[in-house]
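Student: Sharing a structure with you now.
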Amino acid sequence: MVKAVVLGAAGGIGQPLSLLLKLNPDVTELGLYDIVNAPGVAADLAHIATPAKVEGYLKDDDGLQKVLTGADVVVIPAGIPRKPGMSRDDLFKTNAGIVRDLATGIATTAPNASVLVISNPVNSTVPIVAEVFKKHGVFDPKRIFGVTTLDVVRASTFVSEILGDRSLATSIAVPVVGGHSGVTIVPLLSQSSHPLPPGFGGSDLEALVKHIQFGGDEVVKAKGTGSATLSMAYAGAEFANKVILALKGKKGIVAPTFVHLAADKAGGEALKKEIGTDLEYFSAPVELGPNGVEKIGGIGKITGAEKALIAAALPDLKVNIDKGVSFIEAPKL
Ligand SMILES: NC(=O)c1ccc[n+]([C@@H]2O[C@H](COP(=O)([O-])OP(=O)(O)OC[C@H]3O[C@@H](n4cnc5c(N)ncnc54)[C@H](O)[C@@H]3O)[C@@H](O)[C@H]2O)c1
Ligand SMILES: O=C(O)C[C@H](O)C(=O)O
């Protein structure tokens, strides 16, 4: 029995993500919440012949509390998206408050749920959720995840294009570490499961790295009115389905995700040493388990250029993380 909940379920990401979660046969209950249209989206999805019972709620009549009751996995795509010319950080002033309020609802009604944060800026919204949980005395770093899967999906797709075989895209795995914005997105292409062609390097490699780091900007520019929704729904469902499988006891599932490094003390400390930082959050390959984060993996062998990319990511990451933490200012634990 798994209850999955989507907060922001009527939005551009929320609707296709809810559809994909409805298709997961392990989901027995699907709770949808939004400030608009969630009951309608729920009524529509409820007719799909898969096991999940679907319910939709609005803010009135304690909708947030109702949807979160009994939740095992809560995915948050609530909040405004970018328009051309905006950075993800420009979304902070609107989305920080939205995420804080939703996290407060989770902390009080479903403190043991795994929380998957999609709302941008992820590098700041994940610390916001953590600080809210600390304030309520229910902080468990093993259960709070920043969803960076779209960067991994983009890396697989773009590498398959370079290899000239798109059919490989679903089997190509490239670890993407750091965070989820611009230069904090660090693809470790030297560790691609399918190596790049011999001689691929120099400006071609730099262009590929930029394509992955700024893939989100490309979509924002092409759409003109918002950001990636369909590819994000795909990526969000892929990550949520992994979390659900691990929750149900499947072993050995590893995925990059932005986590508090105390989620695995030994792994987190080793990672900090490896990358030379005292940051509390980083996206790293994480082994998932029934209680959330099982193990934080290291970076492993990387090239000099990749070391430089990690070093370039750290200052921005620190600014983003500090901004999220100070927005809530929980008492230090
Ligand atoms: N992590 C990632 O890789 C990634 C990728 C794409 C988009 N995003 C982010 O996801 C967020 C959503 O993007 P979108 O395109 O779906 O936006 P959208 O505007 O289409 O949908 C957002 C939804 O959130 C709802 N909402 C707003 N305030 C709410 C609240 N307090 N409670 C519940 N619901 C609320 C809105 O009513 C709307 O339905 C944005 O912040 C965007 O930047 C993240
Ligand atoms: O680019 C954005 O603002 C949305 C998202 O973070 C993405 O990477 O597509």
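Numbering starts at 1 and runs along the chain as it is shown here.
Cβ atoms are placed via backbone N, Cα and C, with glycine included.
What TrEMBL records for 3-146 is domain 'Lactate/malate dehydrogenase N-terminal'. What TrEMBL lists as NAD(+) binding site is Gly8, Ala9, Ala10, Gly11, Gly12, Ile13, Gly14, Asp34, Asn95, Ile118, Ser119, Asn120, Met232. The annotation substrate binding site is assigned in TrEMBL to Arg82, Arg88, Asn120, Arg154. According to TrEMBL, the feature domain 'Lactate/malate dehydrogenase C-terminal' maps to 148-327. Feature annotation from TrEMBL assigns active site, proton acceptor to His180.
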Student: Cβ under 6 Å from ligand 2: which of the binding-site residues Ala10, Gly14, Asn95 qualify?
Tutor: none
Student: Report, as a single number, how many Cβ atoms besides its own are within 10 Å of the Cβ of His180 (active site, proton acceptor).
Tutor: 28
Student: Sorry to bug you, but what's the C-alpha spacing from Arg82 (substrate binding site) to Ser119 (NAD(+) binding site), rounded to the closest Å?
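Tutor: Per the Cα atoms, Ser119 (NAD(+) binding site) and Arg82 (substrate binding site) stand 11 Å apart.
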Student: Return the member of Arg88, Asn120, Arg154 nearest to Ala10 (NAD(+) binding site) in space, with distance defined Cα to Cα and candidates limited to these binding-site residues.
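Tutor: Of the binding-site residues Arg88, Asn120, Arg154, Asn120 has its Cα closest to that of Ala10 (NAD(+) binding site).
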Student: Distance between Met232 (NAD(+) binding site) and Arg82 (substrate binding site) at the Cα atoms, whole Å?
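Tutor: For Met232 (NAD(+) binding site) versus Arg82 (substrate binding site), the Cα atoms are 14 Å apart.
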Student: Would you please pick out, from the binding-site residues Gly8, Gly12, Gly14, the one with the fewest other Cβ atoms within 10 Å of its Cβ?
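Tutor: Sparsest of the binding-site residues Gly8, Gly12, Gly14 by Cβ contacts within 10 Å: Gly12.
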Student: Cα-Cα, whole number of Å: Gly8 (NAD(+) binding site) versus Asn120 (substrate binding site)?
Tutor: 13
